Amino acid sequence: MARPRRAREPLLVALLPLAWLAQAGLARAAGSVRLAGGLTLGGLFPVHARGAAGRACGQLKKEQGVHRLEAMLYALDRVNADPELLPGVRLGARLLDTCSRDTYALEQALSFVQALIRGRGDGDEVGVRCPGGVPPLRPAPPERVVAVVGASASSVSIMVANVLRLFAIPQISYASTAPELSDSTRYDFFSRVVPPDSYQAQAMVDIVRALGWNYVSTLASEGNYGESGVEAFVQISREAGGVCIAQSIKIPREPKPGEFSKVIRRLMETPNARGIIIFANEDDIRRVLEAARQANLTGHFLWVGSDSWGAKTSPILSLEDVAVGAITILPKRASIDGFDQYFMTRSLENNRRNIWFAEFWEENFNCKLTSSGTQSDDSTRKCTGEERIGRDSTYEQEGKVQFVIDAVYAIAHALHSMHQALCPGHTGLCPAMEPTDGRMLLQYIRAVRFNGSAGTPVMFNENGDAPGRYDIFQYQATNGSASSGGYQAVGQWAETLRLDVEALQWSGDPHEVPSSLCSLPCGPGERKKMVKGVPCCWHCEACDGYRFQVDEFTCEACPGDMRPTPNHTGCRPTPVVRLSWSSPWAAPPLLLAVLGIVATTTVVATFVRYNNTPIVRASGRELSYVLLTGIFLIYAITFLMVAEPGAAVCAARRLFLGLGTTLSYSALLTKTNRIYRIFEQGKRSVTPPPFISPTSQLVITFSLTSLQVVGMIAWLGARPPHSVIDYEEQRTVDPEQARGVLKCDMSDLSLIGCLGYSLLLMVTCTVYAIKARGVPETFNEAKPIGFTMYTTCIIWLAFVPIFFGTAQSAEKIYIQTTTLTVSLSLSASVSLGMLYVPKTYVILFHPEQNVQKRKRSLKATSTVAAPPKGEDAEAHK
């Protein structure tokens, strides 16, 4: 908010002596261009560079200084020559040199407020008197400045704006872009025809994102322009997301020797951040490029320069190879043909109003006008005055000329609108505009809208900012030569980015956009593990084992019946396997089973054929057929174990797995028990023991077997059989080897449970075989049964560790099934081989031995009771 008039009075009085001092100094220096007019505009231009120590001003700046100053003179000439714009009113000017220094510019700007200060105070108010009390002589009153065009650098504009606002003098800058100047509470009289760096920063963020970069460093010259620009870039990138700042480096205002080499070393601390965002002045840009070349990093950094770089050749002169690929941004502008015609016709004769033009002439044509000229080298030729710009020297219109012209026209249009409102129908100034109210003029300035010198609309928002419109350039080599290259337009930005990515060229592969990423993209089947505090950086973690990639941040385990795809980007069904007929694991047990069935069938057929022969009768025909049936079932169970699991097959497995062994061992147990009881009874009495008849033996055998049958039937009823697919059995470390196993719903323990009862019978039978090992030779089956049981026990003792020891194997289904069926077939083969193969051999090949023997052993006669009559007596033979 502006200060009230009373509050400003003491400040105005305090500034009065400074204004006098400034006037005196300016008069001595003759440091301004003056044009007479009814309304005077001020102008601030960096005609000279910053001076060395002890000097305010340095070398002449031909383009940024003289071109821009002449652009204002050109614009004033056009406005004053336009009968439709401010008719009867001539605009004058007072143009000052800021020498590219904010403090010096502030001293210069005090001349703009002299008229206002003089209007507020006089010699009586400040007590200034000459000897004798005579008032001092005062110079002619200065012209009243109604508005100021300038300054160039943001730091200069900020310094000047703080003074001009005190006196309500509107200010329009043609080049100051610092976001700080958008603060209308502090710089309420400041406007600009160039967009603020906040727009430029947004455009640069959009460029970075369009190139696919997410990890960049920033480089700023110390001061309002550089620091504010980087701050805006960082803030916008943080709000937009997806772009992280690796390094944020500030170049000191007065850099020490080796400072720029240090900057390059710091940038290389994060080598993946190849994109470098630069908000720096021309000199700093040049020295950064030089340091990059000295470090042999040509082509490593990907420069994105602000409008201070723009499309200028001076920052990259002789450094083109380092600048190849640099993307720069510049407020949308056009070359003004009328200014080119105007400036190229300027000469020493027709441009005496510009007090710096003679110095420009010497600098531009490398000559000297007088012995006191600025060109002090004795070898420099003398200027003839006939030199011509563009003919005898190179000429290219400076980039901000358009904006200087637009700034002048903005003030002219505002004054014209104000004149129409306050002086309707009046030619020339009316009393209502003498003096011109700065606050009212500011309102008219903010309301202007017209097509500028380049044909683009000129307007201001509530903060005095122009809309953001930028051209985007890239420095590209020509035919492989960087030195002969140039800036090529590759896009535009006006609230949204339009970038022709295909038109971009880069060192290395010209058409492949280089990367500036903290971390490379993760491959298929990998998730991002973010680095804490740096959202653009991550580590890639493989979704290993049975996990698959859900999204870029998450891995999850596949469902139990599935396994991941080879690249772990999804899940697929796990293949289902079973022990098939063609499996190598099924061949040995099937071969044994077939041979066993053939052998068993042969024995049974032989026994049936020779049913009434002594050997068959002596074997106990009834129990032999029961035992052979059990052996046959044992062999047959192999086919059930290999068959595809289903409800019927699973039920048959449960029922017959233990039935064959139970039937066999029940018969063997009954036989050994009968022999043992006969032998023991004979020791005590001649009376035979009970239940030794064939019928009794069958009853005992079937009674023992019925327990197994009843148990199995009860199990079938309690838990109906069905097949399942077990995905855990072959869930290997390598998912590619994982398989689902189709099998019956029987655990390892339940499988052994089916055989548990028969194993108990086997152990009991073995115990009786041991007890009966001392029976007389007349009981010719005692010893074969004993050998059978011993061997069977050994087989099953070997079976148990193999069966349970492979429980964790990937080949479990094959090993356990094969082990079980082979063990069953071997135990059946032992029984068949020990008990019946010898008898069959005698029956078939030695029939002469298949006769009833009459002799008895004397020992047997004297120690054993008489055996029962009939075929049981044959067992004694």
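Each Cβ is built from the backbone N, Cα and C atoms, and glycine gets one as well.
Annotated by Swiss-Prot as transmembrane segment, the relevant range among 404-424, 698-718 is 698-718. Binding site for L-glutamate per Swiss-Prot: Ala175, Ser176, Thr177, Tyr225, Asp307, Lys400, plus Ser154 from the candidate set Ser154, Ser248, Ser335. Topological domains recorded in Swiss-Prot put Arg617 on the other membrane side from Thr817. Looking at Asn296, Asn611, Swiss-Prot tags one of them with N-linked glycosylation site, and that residue is Asn296. Among the ranges 28-46, 351-369, 427-445, 655-673, the one that Swiss-Prot lists as transmembrane segment is 655-673.
Swiss-Prot lists region 'Disordered' for one of the ranges 108-129, 724-745, 856-877, namely 856-877.
When the C-alpha distances from Cys244 (disulfide bond) to the recorded positions Asp307, Cys423, Cys522, Cys543 are tabulated, the minimum falls on Cys522. In this structure, the C-alpha atom of Lys400 (L-glutamate binding site) lies 34 angstrom from that of Cys423 (disulfide bond). Sorting the topological domain 'Extracellular' (644-654) by DSSP state (H, G, I as helix; E, B as strand; all else coil) yields 8 helix, 0 strand, 3 coil. Highest Cβ contact count with the transmembrane segment (749-770) among the listed stretches 586-608, 655-673, 698-718, 784-806, 820-845 falls to 655-673 (criterion: pairs under 8 Å).
For the transmembrane segment (586-608), the residues of the chain that approach it from at least six positions outside its boundaries are 579-580, 616, 619, 621, 624-625, 628, 631-632, 634-636, 638-639, 641-642, 817-818, 821-822, 825-826, 828-829, 832, 836-837, 840, 843-844, judged by C-beta separation under 8 angstroms.
Residues 545-546, 560-561, 563-564, 566, 574-578, 644-647, 649-651, 653-654, 803-804, 807, 810, 812-813, 816 of the same chain lie 6 or more positions beyond the ends of the topological domain 'Extracellular' (719-748) yet place their CB under 8 Å from a CB of it.
Apart from Ser154, Ala175, Ser176, Thr177, Tyr225, Asp307, Lys400, the L-glutamate site neighbourhood in this chain, defined by C-beta within 8 angstroms of the site C-beta centre, holds Ser152, Ala153, Ser173, Ala178, Val194, Asp197, Ser308.
Between Asn451 (N-linked glycosylation site) and Thr177 (L-glutamate binding site), the C-alpha separation comes to 21 Å. Across the topological domain 'Cytoplasmic' (609-622), DSSP helix (H, G, I), strand (E, B) and coil residues number 8 helix, 0 strand, 6 coil. Tyr225 (L-glutamate binding site) sits 39 Å from Cys383 (disulfide bond), taking the C-alpha atoms as the reference points.
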